[in-house]
Structure formats: C-alpha cells, structure tokens
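**Student:** Just lifted these from TrEMBL, have a look:
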- 40-61: repeat 'ANK' (REPEAT)
- 198-221: repeat 'ANK' (REPEAT)
- 230-252: repeat 'ANK' (REPEAT)
- 262-284: repeat 'ANK' (REPEAT)
- 294-315: repeat 'ANK' (REPEAT)
- 326-349: repeat 'ANK' (REPEAT)
- 358-381: repeat 'ANK' (REPEAT)
- 424-456: repeat 'ANK' (REPEAT)
- 521-553: repeat 'ANK' (REPEAT)
- 554-586: repeat 'ANK' (REPEAT)
- 587-608: repeat 'ANK' (REPEAT)
Amino acid sequence: MWPAKPTGKDLYDATLCGNLKAIQRFMVQGADVNFRDAESGWTPLHAAVFCGRLDIVRVLLVKADFTLRTHDGLTPYDLAMKKDFPAIATTLAERAISKKRQERDLFDAANADEIASVKALMAKGVGVNHQDLGGCTALFKAAKEGRVEMVKVLMTKADVDLSSREGWTPMYMAAWEGHTAVVAALLDVSNVNVTSKEGYTPLYMAASKGHTEVVRLLIRRANVELADHEGWTPLYMAAWEGHVEIVRLLIEVANVDHLTKNGWTALYKAAGEGHVEVVRLLMEEASVDIPDLTGQTPLYKAAWEGHVEVVKLLMTQANVDLADENGWTPLYIAAWEGHTEVVRALMEKANVNLADKWGRTPLHIASREGHLELVQLLLEKADATLKTYSNDTARDLARRKGHHAVATVLSDFTESVTRAKRERLGTALMEAAKLGDVAAVEKLIEEGVDVDFQDIHGRTAILVAAIKNHVPVVKLLLPTANVDLASKEGWTPLRAAAVLGHLDVAFRLVNKAKLDLASKNGITALFLAAKAGRIAMIRLLLHKGACATAAATNGWTPLHIAAAEGKLASVRVLADIEHTADCMDIDGRTPLHLAANYGQVEVVRHLLLKTDFCLRTLDGETAFDLAVKHGQRLVMFAFRAIEWRGEEYGPAEGDE
C-alpha cells in the first residue's frame, strides 16, 4: 500500500520542527507549500522565519508565496524584521526583487506578443498578474489589443478579473474594443457583470460602441438590466448611439421601458437623437408616452430637437398634446425652437391653442421668438386673438421683441379673421332672426356675434325680426342692438313695424328707438303708419311722443300722406292734433289740398271741418281749385254742399 500524500499541515509541522529533509521530501511529493494555519494564518514560510532557519526559508522560497500575510497582517519579511533576522529579511527582499523583475519580463514579452517567451517564464512559475502604473496586466493589454492566442495562454494562470485603476477588466476591454474572439475565450471564466467605477459593464460598452457580435455573445451570460450610476442600461446606450441590430437583440431580453435617474427611456433617447429605425423598433414593445421627471415624452424630445421623421413616426401612437411641467406641448416646444416642418407635422393632430401655465400658446411663443414662417403656418389653425395671463396677444409679444414683420402679419390676419368671423356669425344671426329661431339667436349672442351686423342690403337682424314679426327675437336683440340703424333703403326696425302694423314689435321698440328718426327722404315711422292706415300704431307712436308735424323732404306730414292716400281713420286721429291740418308742404299745399287733388272725398269732408278751406298754395290755388283742375267732381260736390262763413265754392254744375 502506498503511503498517503503529505499535506500542507504535514509540511507546516515539519517546518516548526526544523526537519529540512522531511520538508524537501514533502515538497517533492506535492504538499501545499502555501498552507495556512487556521488559528494564526501562518504559512510554512512564516514558521521557518519565526524559527530563524535561513536554510529552510531558501528551500521553501522555490515555491512559496512570500507575500501572504498572517491574521495580524504580517508577511514573512515583516516577521523577519520583527524577529531581527537580517539575513532572512535580506533573502526575502532579494527574492521579491527577483520575482518582480521576472514578472516584468513576462509582462514585456506578453506585450510584444512573444508567446514562446511567455510560456517559458510561466513554466518557471513566474506570475502573470504583474500590473503597470495604471493597474493593467499582461492579460488586460492582450485582451484590449485582440491578441486572442496570447489571451488563451495567459488566462490559464492569470486572475482574469483583475482590474485596472479605472475598474476595467480584460473582459471589459475586449468588449469595449469589439474583439469577439477574445470575449468568447474569456466568457466562461470571467465575470461578465463586472463594473467600472462609473458602473459600466462589458455589455454596456459593447452596446455603446456598436459591437453586435460581442453583444450577441454577452447576452447569453450577462445581466442585461445592469445600469451605470445614471441609470443607463446597455439598451439605452445602443438606442442613444443608433445601433439598430443591437437594439433588436436587446429588446428581446431587456426591459424596454427601463427608466434612468432622469426618467428617460431608451425610446426617449433614440427619439432625441433622431434615430428613426431604432425608434421604429422600440415602438413595437415600448410605451410611447412615458414622461421623464419634467413631463417630457419621447415625442416632446423629438419635436424639441427638430427630428421631423421621428415626430411623424411617433405621432402614429403618441398623445400629441401631452405637456411637460410648464404646460409646454411638443407643438409648443417645436414652435419655440423654430422647427417649421415639425410644427407642420404636429398641426395635423395637435390642439394648436393649448396654453402653458402662463397662458402662452404656440403662436405666442413663435411670435415672441420672431419665427415669421412659423407664425404664418400656425395662423392656418391658431386663434390669434387669444391672450396670455398677462393680457398679451401674440402681436403684443412680437412688437415688444421688435419683430415688426411678425407683428404686421398678425395684425393683418387678426383683422381679416375678425372680419370673417363677424360676417359668418352675422350671417347666421340674420338667418336665425328670419326664421325666428330663438335658441340659435341666444347661442350666437353667447358666441359674441355683432348684433348690429348688416348684410349687403344694410339690414340688421332686429330689422329682419321686426319685418317677420318675430317678437321673441326682437326681445332678445333689443338690449344690445342699435335699433336706429337703417338699411340701404332707409328701413329701421320701427319704420318696418310701423308700416306693417306689427304692434307688439313696435311696442318694444318705441322705448329705445328715436321716434322721429327720418329716412333720407325725411320719412318717419309715424308717416309710414299714417300712409298704411295703421290706427293703433299711430296712437302708440303719438302716445310715446312722436311728432305729428314732422315733415318729409317734400314737406308732407303724416296727415298729408294720410289725406293723399285717403286713409280716413288716420286722418281723423292726426287731424285732431292742433295745427296738423294747416301744415303746408314745400308747394304750400295743406292736407286738404292733397285730398282734393287726389279725389279723397271722405277725407275732404272731414278736413273741411278742421282747416281753413281758403288757404292757397304757392301758385295761389285753393283746395277747390285743385279739385276743379283735376276733375274731382265728387270733391267739388263736397265743397258745394258746405257753406263756410257765407261763401260758396265756385259755380254750381251747369252754371255759366
């Protein structure tokens, strides 16, 4: 039976006993020369130093690690100095120097890609983990430079995850530089989730740099959700840089809606950078309206940066009117930045009049910034009359900033829009008044219609309502309407009501209208009522104070026209008013003259009781003369039948 293989504990005990031959034999037989005592942390080399055995120290140094420390933190060299064994201390120091020199030799050989030299030194037990001033090992540099064969040699003995001062490992550098073969070699032995000081992983770097095949390898083992100190993940970085194929790989395994510390998603970043195809890919899985901490969405970011194709793409799914914490929408921010084509695209769906928390709309901000072309574009849909909470219109802001061309465009537009709106609402009001549609009239008044709007004939809504005898409409319009506006033909609401006999309409108008307002021919409402024989209307107008002697341009009073037209009832009412029967027109004719002239017998008979029949015209004619002149025989009979003051009115029929 073969004896048992000696252990590290056997070697440790032999050292404490100072048994050099046993030590040599145990080392040949493979005993662990770096065995650690559980209680003290001592190795056989510590024990040899403690015992002051330089000879044993030299034997052990062939294989022992002289850098190991006890539980108290002492290396063999520290212990030699503490025990005041200068010869042992010197031997250990020389050994350290020799080891460092050999490690540097191996480091240099590796950097020169001298594989044979590296293998030879490694065979002598030279360590491969030497680090330069930056903390880089030979494996680190070989990985960085993509020397895969050297990597394979070194990784058999190297600490594959030993990092530089920046926290970069060989795997990290290989991924960064895109050395797929090196990454493949290290994949099974390295920590693929190692992070740099900034929190960057190998996958993060490969995704950022666009190394598709490296990413394809790493996602088999790596945690795809590991983020840096800002919360940026590999997917976020790939989206940022526009690496379409890498994004395609990562969205299969990663959370596409992961948020950074600022609340940014991969879609937000891709949109902001204008990467159309990346955005298209992400939209298949991502939520398009996730806002950041300030309320900005991917669409908002794309609009801000002026990426019109991204904007158009996002608009197929996004809410175009989502605003940030200031109330700024994608359209608003695009207008601010002067991105005309973005604004044009957004206007297809956006509410162009949405205001921010200061009451400013996209038109306000575009005007303030002096974007003339944008202002002209926005005016296709925007309301130029809207005011901010500071009571400023877009035109006010443009003027204040000295953008005179913009201000002029806004002024012209506002005037044209106001004119068009006035005409549109006014026309609608006219139609509603014509139909007697009270509800429509009420609605139009609420919308701010100009109740005094006049159509091409100069007619107002209240005139039309008066003509149509729509009393409820007249009542609605009366408080704000100018009831004395006349049409081109001279019709006012009161005149129309008077001639048509619409007493209920007139009853409401007489308290506001100018009763004696005359047309260009001097015709008043009372004149028209008298002509039409509207007795109740005449009485209403007279009761409210209408002037019975107000004359037209030809001098005719209401009694004149009533007499000429033979309106006996009108004549009876008007002739009872003092002096009316004696009024003369411009030719000196009284109402009696006209009645006689036109053969109005009953009127003549009544007026003969009210006036002086001897009054003559400017031509010296009496009423009887006019009756004779115009062959009004019945009128002549009326005169002959009455004696006034003992006089007869001309010769009797048949007299010579």
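For all residues, glycine too, the Cβ spot is worked out from N, Cα and C.
Remember, TrEMBL labels are computer predictions, not curated facts.
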**Student:** Which whole number is the mean pLDDT over the repeat 'ANK' (424-456)?
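**Tutor:** In the predicted model, the repeat 'ANK' (424-456) has a mean pLDDT of 94.
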**Student:** State the residues, same chain only, that lie 6 or more residues beyond the ends of the repeat 'ANK' (521-553) and have a CB under 8 A from a CB inside it; answer 'none' if no residue qualifies.
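**Tutor:** Residues 490, 492, 494-495, 497-501, 503, 506-507, 510-511, 513, 515, 559-562, 565, 567, 569-570, 573-574, 577, 579-580, 583, 585 contact the repeat 'ANK' (521-553) from elsewhere in the chain.
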**Student:** For the repeat 'ANK' (326-349), what are the same-chain contacts with Cβ under 8 Å, counting residues 6+ beyond its ends?
**Tutor:** 295, 297, 299-300, 302-304, 306-308, 311-312, 315, 320, 355-358, 360-363, 365-366, 369, 371, 373-374, 377-378, 380-381
**Student:** With helix taken as DSSP H, G or I, strand as E or B and everything else coil, how many residues of the repeat 'ANK' (554-586) land in each class?
**Tutor:** 19 helix, 0 strand, 14 coil
**Student:** With helix taken as DSSP H, G or I, strand as E or B and everything else coil, how many residues of the repeat 'ANK' (294-315) land in each class?
**Tutor:** 15 helix, 0 strand, 7 coil
